[in-house]
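Written below as structure tokens is the structure these notes are about.
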Amino acid sequence: MTTVIMRTTARIVVPIVLIVAISLLIEGHNLPGGGFIAGVLTSTAFVIVYIAFGLDFLERGVLGRDVDPGKTPSRDRVVVAYRRLFTVGLAIAVVSGLVPLALDHPFLSQSYIVLEGVPLYHHLEIASALAFDLGVYCVVVGGLLTIISVVGAE
Amino acid sequence: MALQTLSPGAESTLVIAPMLIVLVAAVGTLLLGTRPRARAGVSLAGGAAYLVAVAAIDWYVVLAPDAPGAATYQVGGLPAPFGITLVADGLSAFMLTMVGVIGVASLVFSIRVLPELDRRSYYFPLFHFLALGVTGAFLTGDLFNLFVWFEVMLMVSYIFVAYYGGPQHTRAAFWYVALNLLASAVFLLGVGGIYATTGTLNMADLARRLAAPAAYGIDPGPVVGLLGLLLSVFAIKAGLVPFQFWIPTAYRAAPPPITALLAGATKKVGIYAIIRLSFTVFADAQIGVDLAIPAVGTILAGDSPLAFIGAVLFVMGTASILVGGLGAVGRDSLEGVLAYSSIGQVGFIAVPVAIAATTTVPDVRHIAIVAALVYALNHALAKGMLFLAVGAVRTATGTSRLADLGGLASRSPPLAGAFFIGSLALVGIPPLSGFFGKFLVFDAAAQAGSMSVLVLLLAGSLLTIAYVTRAWNRSFWGQRTPAVDDAVTDPVQVAVLLALAVTIVAVGIGFEPIYRFADAAATAALDTDGYIDAVDPNQTVSGADGGNVDAGAGAGEGGGGGETGMGTEPETEPGTGTINTSNGGDTP
């Protein structure tokens with residue numbers, strides 16, 4: 001699949017996909033979108049990179065690390081990072097649910113504040129649900145990419 | 001309009017406490033990564049905290065003299081019937097206690113049974129997620145949420161069935177996954193159908209609407225068929241015939257402590273769901289449809305779908321008793337015997353439930369539910385303990401094949417003693433917990449005046465004696481085999497087994513409080529009005545016109561970002577801790 005066309009397309013498409021994913025994540029609390037779909041879209045961007053440039057491209061080309069060809073895929077440093085992302089995301093989601101308990105509100109209660117007079121934005125709405133969405137996002141990205149890179153390597 | 005979310009009281013927070021404890025324990029063990037000792041410590045602390053939380057629910061919600069009998073929790077502060085309601089009443093508390101005891105025992109056992117390599121993987125986080133799924137299923141008051149907890153439970157059990165990764169484990173897991181995916185699809189279909197029919201998925205709201213369908217402008221006819229779909233899904237979980245075939249392979253494939261939990265806890269989720277939906281939710285339904293099978297006669301006359309459920313469950317239950325009992329007699333490994341035995345034992349739980357559903361006498365119905373619950377408790381304790389004992393035998397000898405075992409009783413008397421007590425409890429010898437379970441089941445059958453049921457139950461009991469005796473004779477008595485000669489039992493494992501054995505004896509000797517608890521649980525299961533009052537699905541919707549059906553219907557089901565207030569208006573004044581709901585509030 002690593003034709004010139006594929007690689008050129010990937011260069012253009014991947015940033016767009018990532019930006020759309022992030023916008024879906026940020027507006028997900030009251031518009032269509034949210035952590036799950038943003039996570040799936042982000043994973044798609046990574047999959048395009050994997051297809052166009054190969055499984056080792058992230059480590060060798062982007063992070064500049066050496067790749068040991070004989071390694072087991074599940075102990076790969078990138079995969080370990082994916083798994084850590086999964087765990088951290090889960091922790092974020094749980095903690096974001098627990099915080100309202102400390103403030104004497106039910107588990108998973110959400111609220112929001114509107115900031116006026118923010119430079120550039122003027123009017124910015126910050127929802128607590130974003131924290132939960134961020135957790136979901138990390139879980140989905142971490143989980144999907146772990147599966148894709150381990151199964152893809154086998 | 002801004003709606004101040006109610007700050008949950010202490011009792012209310014107690015309802016969600018067990019769930020939060022296992023959730024935090026799961027994430028905690030996951031974060032600790034490759035530090036096995038710390039992981040085990042966090043796991044044990046979580047288990048202990050879980051027991052404390054469940055005991056607190058038992059006392060403050062159900063058993064204390066001035067206990068309210070039921071407590072509810074609205075997740076995210078969204079009011080019923082739109083938000084997810086958690087309900088802890090007698091039935092849920094009884095089930096949670098059962099799971100707590102067997103869960104903590106198998107957790108302690110796990111720490112000793114699994115070699116170092118196993119413990120480096122995700123065993124403990126998965127264990128807690130399994131407990132989370134079971135706990136959530138017992139506590140939720142929302143049908144769709146029940147589906148979600150079933151999935152949580154299933155995802156984890158898939159991994160556990162495939163845990164050792166050998167060919168037979170993979171095969172078992174494949175069957176297990178295929179069957180349960182199908183079951184999940186059917187479950188979802190049933191849930192969707194019920195929502196389309198009644199316009200709600202909150203169990204209390206559902207019970208209220210089905211009791212007076214005309215007032216809500218719904219036609220409840222399809223509910224019988226949909227309930228049949230749900231029933232078959234729960235029967236798969238409980239392992240009732242004809243859905244029993246996954247049990248032996250799956251139970252043999254999973255690690256022993258997990259098998260104890262699968263037999264002791266997740267099976268009971270199926271039973272719990274049948275009891276909860278049949279008696280609390282659908283008992284008062286006014287169906288207004290007659291259903292007749294030409295050869296059998298009318299199986300559903302007019303009102304409640306209970307008669308239909310009873311007939312189906314009765315056939316499944318008796319078939320399970322026979323299939324399980326006969327199957328267990330011929331198995332060649334301890335796990336095989338116990339796996340078939342648990343098919344038969346679930347039959348013993350299903351038959352009283354069927355009696356409760358078919359009878360029209362309130363007292364008999366009550367005693368039958370008590371019988372089912374006490375039997376379920378006995379099965380959870382005894383079968384859980386026996387599966388753990390098999391785990392201990394495997395740790396000590398490296399095998400559980402009857403042909404390779406023999407003379408274990410002289411090699412390790414404490415282990416043999418524990419297994420003996422568990423077997424006797426299964427048979428139902430006084431003064432163990434099993435005696436009261438069997439006694440109440442027979443009592444319920446006698447009170448219902450059904451001789452044929454009594455004969456069947458008796459035959460099932462004789463089969464129990466036969467296979468238990470055979471397993472005992474082959475593995476604990478007789479000539480010592482080489483495997484048994486080299487056996488070294490693990491002291492902690494044996495201690496766990498002995499603790500469970502003492503529990504079984506204690507439950508039998510001090511049966512009075514257990515009976516009171518089961519009695520309260522049965523009362524809660526049958527008290528539809530009390531359940532509706534506790535949940536109070538009228539919190540936002542005033543008036544019972546059908547126009548409110550669609551208002552904010554999506555708010556409760558969102559798994560991800562759906563928990564935010566629907567339709568929040570940015571220009572509203574910011575208010576910390578308030579949920580803005582613009583729908584459902586514009587009543588004239």
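Using N, Cα and C of the backbone, Cβ positions are placed for all residues, glycine too.
Automatic, uncurated: that is what TrEMBL annotation is.
Taken from TrEMBL, the feature compositional bias 'Gly residues' covers B:553-565.
If you look up TrEMBL, you'll see B:566-578 marked as compositional bias 'Low complexity'.
Under the heading compositional bias 'Polar residues', TrEMBL lists B:579-588.
According to TrEMBL, the domain 'NADH:quinone oxidoreductase/Mrp antiporter transmembrane' annotation covers B:141-301 (among others).
What TrEMBL records for B:309-464 (among others) is domain 'NADH:quinone oxidoreductase/Mrp antiporter transmembrane'.
Here TrEMBL flags B:537-588 as region 'Disordered'.
What TrEMBL lists as transmembrane segment is B:12-33 (among others).
Long-range Cβ contacts of the transmembrane segment (B:40-62) within its own chain (Cβ-Cβ under 8 Å, at least 6 residues beyond either end) map to 11, 14-15, 17-18, 21-22, 24-25, 28-29, 32, 68-71, 88-90, 93, 96-97, 100-101, 103-104, 107-108, 110-111, 119, 124, 127-128, 131, 517, 520-521, 524. Per TrEMBL, the feature transmembrane segment maps to B:40-62 (among others).
Per TrEMBL, the feature transmembrane segment maps to B:82-109 (among others).
As annotated by TrEMBL, transmembrane segment applies to B:121-140 (among others).
Outside the transmembrane segment (B:146-166) by six or more residues, the chain places 118, 122-123, 126, 129-130, 132-134, 136-137, 140, 172-173, 176-177, 180, 184, 187-188, 191, 237, 250, 253-255, 258, 262, 266, 269, 273, 559 with a CB less than 8 A from a CB of the stretch. Per TrEMBL, the feature transmembrane segment maps to B:146-166 (among others).
Taken from TrEMBL, the feature transmembrane segment covers B:173-196 (among others).
The annotation transmembrane segment is assigned in TrEMBL to B:223-243 (among others). A Cβ distance under 8 Å defines the sequence-distant neighbours of the transmembrane segment (B:223-243), meaning residues of its chain 6+ beyond its ends; these are 150, 179-180, 183-184, 186-187, 189-191, 193-194, 197-198, 210, 266-271, 273-274, 277-278, 282, 285, 287, 289, 291, 300, 305, 308-309, 312-313, 316-317, 319-320, 323-324, 342-343, 346-347, 349-350.
Taken from TrEMBL, the feature transmembrane segment covers B:306-326 (among others).
Among residues of the same chain six or more beyond the transmembrane segment (B:338-357), those with a C-beta under 8 A of the stretch's C-beta atoms are 238-241, 244, 247-248, 251-252, 263, 267, 271, 274-275, 278-279, 306-307, 309-311, 313-314, 316-325, 327-328, 331, 364-366, 368-369, 371-372, 375-376, 379, 383, 386-387, 390, 426, 437-438, 440-441, 444-445, 448, 450, 453, 456-457, 460, 463-464, 467-468, 471. Under the heading transmembrane segment, TrEMBL lists B:338-357 (among others).
Same-chain residues lying 6+ beyond the ends of the transmembrane segment (B:369-395) with a Cβ under 8 Å from its Cβ atoms: 91, 94, 98-99, 101-102, 105-106, 109, 112-113, 251, 255-257, 259-261, 263-265, 268, 271, 275, 279, 334-335, 338, 341-342, 345-346, 348-350, 352-353, 356, 405, 408, 415, 418-419, 422-423, 425-426, 432-434, 436-438, 440-441, 443-444, 475, 489-490, 493-494, 496-497, 500-501, 503-504, 507, 514-515, 518-519, 521-522, 525-526. Positions annotated as transmembrane segment by TrEMBL: B:369-395 (among others).
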Report task. Could you give the residue numbers and ranges of same-chain residues that sit at least 6 residues beyond the transmembrane segment (B:492-511) on either side and whose C-beta is under 8 angstroms from one of its C-beta atoms? Result -> 101-102, 105, 108-109, 111-113, 377-378, 381-382, 384-385, 388-389, 391-392, 395, 412, 414-415, 417-419, 421-422, 425, 430-436
Report task. Mark yes when the transmembrane segment (B:453-472) and the transmembrane segment (B:12-33) have three or more Cβ pairs under 8 Å (sequence separation 6 or more) and no when they do not. Result -> no
